[in-house]
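In what follows, a single structure is set out as structure tokens and then discussed.
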Amino acid sequence: MELLGVAVFWCGTILCGSVLLREAESYIMKIPRLCKFCDVRATSCAGVRSCKVECDITAICPDKQDVCVSIWRKTDANVTFDTVCHNPAHALHGVLLDDYNNSKCQMKEIKGMGSQFFICSCSVDECNEHTFFNPTTDSPAVAVVLVSLVPLLVMAVVVIASFYWYRVYRQRKASSRRKKGPPLDFSDNRAIMMDDEGSDSSSTHANNLNHNTELLPIELDVQVGKGRFAEVYRAKLKQGSSVSREQGFETVAIKIFPYEEYASWKTEKEIFSDADLRHDNVLHFLTAEERKVQRQYWLITAYHPAGNLQEYLIHHVINWHDLWTLGGSLACGVAHLHSDRTTCRRYKVPVAHRDIKSSNILVKNDLTCCLCDFGLALRLENNLSVDELANSGQVGTARYMAPEVLESRINLENIESFKQADVYSMALVLWELTSRCNAIGEVKEYEPPFGNLRENPCVESMKDSVLRDRGRPEVPNSWSNHPGIQIVCTSIEECWDHDPEARLTAQCVAERFYDLEYLDKLSDRSDSEEKIPEQISVVDEK
């Protein structure tokens, strides 16, 4: 009877496994494929061995039957790659795809196309990024061996798996007779807690949260922002077990990307997932989730009710203490991104933000800044090649772009160039802060840098102002009447220097703000105009 039971169990396991496999396969086929999609682009690939296509665009294929395709053509001296999605049921350039079930893109030459013409197709996400031109010829003997061995291997796997599950079944059946204690609640949700500021979210397991398959129990509240790639919502995160509703909710921020913006979500998630990014002046990251039902990608972070810095400056006039706090914390955050060491002196990968502006900086409850929106950020790995850096493109917001970025002449031989462009953008934000500080005298309505231009100036308009006219936002002489503001203005002017090499580092700016602490202690820290004694000497510049 025991052997009969085992035999019946094996047969049932094999049958269930085949059914589940078919179900899983049909489910996978419902998900559109992700492929490299750049149409025709020039390439340096010589058509031998393996090549990586020069395409930085990942697209979600419009048809669920589509597969990834790469085409290499050489006409005289012109060599191009063509990367697309295509339904193999239809011909492409008169060729029917017959190799799309492969996981690798194995190039096959097609004659009579008027040029050297290689094409390959495959059915794994982004598999057309790497192409292989010299396949090893499969001999008949190899094919016979493979055909003979595969069934044996499958049978061995089935037998081993059946025996394993049978043992598990017997153990569970035996243990079910024992008295069980109450289950322990190891829910990841308990890791999320309130931080010192009361309303901001924090986590003892930031960057490691939600590694299980369960989605966090979240209730969206209200939309608080919208950008080019995503929308931001305030939301309530339920704590504790699923049945303990009396425990209430905690406020978090949810950045929601549509399914089509997978690449943007992936970039920001990878930046945030680096535990060494953790810093008081960088937005606190909790976890990232793929919400398949809603066809959305989520980033879950701390929520700061004061909003972004631009909104704060529109509605508030700040005093000298506020300027010192906001400006110093901004410089500290940028310095941490750019540094190759953590505060514990452990090595970390420097990061260039590449889109620093007042609307990408949040104001915390203690009136310090934290950087957010890392969708365009770049990890400055030491092994990045010039080509990889060049592929990062001209990115950012035109109003805040450094001269060399506007001109597409950034020095790709030196990763410090990306940090220098960040420092230029930071200088414009420091100017915004200073323009709304009552220590300078009369404070005008908020105006962004280069406020004489239209709301969203294009790159060409900014080239006229920044490159041709060498223009910068106005720094009135009256701003130098306050000794602290005078040092801030000097730092601003050194940070937006036309020559990137002449600019200060973010660390140097942070140290200057630190040295200004004695002036802040002398201020009355009120919203009234500062009265700093004239005999206070200016801090020596570093």
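Placed from the backbone N, Cα and C atoms, the Cβ positions cover glycine too.
Candidates considered were CYS16, CYS55, CYS61; the recorded disulfide partner of CYS38 in TrEMBL is CYS55.
Of all the disulfide-bonded residues listed here (CYS38, CYS45, CYS55, CYS61), it is CYS38 whose C-beta has the fewest other C-beta atoms within 10 angstroms. A distance of 6 Å separates the Cα atom of CYS127 (disulfide bond) from that of CYS105 (disulfide bond). In space, CYS120 is the closest of the disulfide-bonded residues CYS35, CYS61, CYS85, CYS120, CYS122 to CYS51 (disulfide bond), judged by Cα positions. Counting only residues at least six positions away in the same chain, the Cβ atoms of ARG33, CYS35, PHE37, ALA59, CYS61, PRO62, ASP63, ASP66, VAL67, CYS68, VAL69 sit under 8 Å from the Cβ of CYS85 (disulfide bond).
Relative to CYS105 (disulfide bond), the recorded positions with Cα atoms inside 10 Å are CYS122, the candidates having been CYS38, CYS55, CYS122, ASP355.
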